[in-house]
């Protein structure tokens with residue numbers, strides 16, 4: 001299965017190695033590699049264990065697969081995630097620090113697709129030769145890698161919100177964007193407050209639902225805190241940034257509660273049960289695409305994490321984006337998608353067509369929400385606390 005998919009990918013992109021390296025197109029090709037890793041991991045989890053022929057093949061060719069079960073299901077997800085992680089880790093190690101299009105590493109990043117396609121296929125197969133005990137260790141390490149990915153994604157989101165605000169307040173857009181800014185700010189708060197009311201109705205219908213009541217109420221407290229600080233005269237961050245952040249933290253709270261398992265009686269809404277109905281499949285497809293899109297957009301946002309904030313267009317020979325950071329994000333994203341498919345627990349049994357379900361997933365999202373609010377608040381008060389630092 002891995003070899004067939006890899007050969008198809010290689011044949012589709014082989015022509016790109018003949019022409020001059022296209023650095024922007026290369027991003028999408030790496031995105032296709034990452035998407036294929038996700039698809040293979042999903043197939044190994046949902047359909048691998050039920051395929052008798054595949055089980056026989058695994059037992060015959062891979063001695064580390066005892067009965068085939070230690071290479072499929074959650075274990076199969078971790079093995080394919082490990083291969084994807086190693087692929088992008090190697091790309092990171094061979095491209096980090098590339099700053100010129102004349103560097104040979106630039107050509108390696110944007111070309112040599114037949115070789116990299118064969119490397120990708122090999123790394124999709126080799127993990128199935130590794131003992132299951134090592135894969136379980138990787139599963140524990142992947143939790144930390146997934147956490148790093150969430151932090152990078154969080155900083156990227158906050159940076160985008162500030163960029164949006166600064167762009168609309170610039171001299172070029174100040175007059176034409178004044179009304180859209182007011183409307184967007186008001187709409188953000190209306191949507192956030194309405195969503196909180198709906199969460200109380202759907203997710204906390206009884207007084208005994210103390211945990212959900214706590215999650216929702218604390219989200220309201222965070223909204224009030226962020227808004228109050230943003231309107232302070234010494235901060236004056238405006239309502240647009242805080243309004244969009246309220247939508248973001250409410251989304252994280254909503255997503256966290258929806259990740260509660262079926263045993264959570266307080267959640268009155270339909271959840272992922274593995275029945276394969278159209279709603280479940282659509283939700284899974286949206287979540288699946290969100291993983292790839294989040295990894296891709298975060299990986300290309302290296303300027304958000306630049307210490308010197310140097311203008312990348314100053315020198316003609318400079319690369320259009322940080323190759324090393326791009327591959328590092330994809331490497332962490334490989335760990336992240338593994339955690340979503342196994343519910344952040346390698347020993348947890350997941351339903352078909354399900355993603356990121358379980359109490360561990362709930363607390364990961366809730367803590368991510370709290371950290372998001374804390375980081376945003378810090379970006380507002382840091383210039384007041386650290387007066388000797390330049391935050392321009």
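Heads up, the Cβ atoms here are built off N, Cα and C, so glycines get one too.
What TrEMBL annotates here:
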TRANSMEM  25-44  transmembrane segment
TRANSMEM  77-97  transmembrane segment
TRANSMEM  118-138  transmembrane segment
TRANSMEM  144-165  transmembrane segment
TRANSMEM  186-207  transmembrane segment
TRANSMEM  213-231  transmembrane segment
TRANSMEM  238-258  transmembrane segment
TRANSMEM  278-300  transmembrane segment
TRANSMEM  321-342  transmembrane segment
TRANSMEM  362-386  transmembrane segment
Study note, to complete from the structure: Counting Cβ pairs closer than 8 Å to the transmembrane segment (77-97), the top stretch among 118-138, 144-165, 213-231 is 118-138
Point to revise | Distal contacts, the transmembrane segment (213-231) - CB-CB under 8 A, six or more residues away | key: 189, 192, 196, 199-200, 203-204, 207, 237-239, 241-242, 245-246, 249-250, 253, 256-257, 366, 369-370, 373, 376-377, 380-381
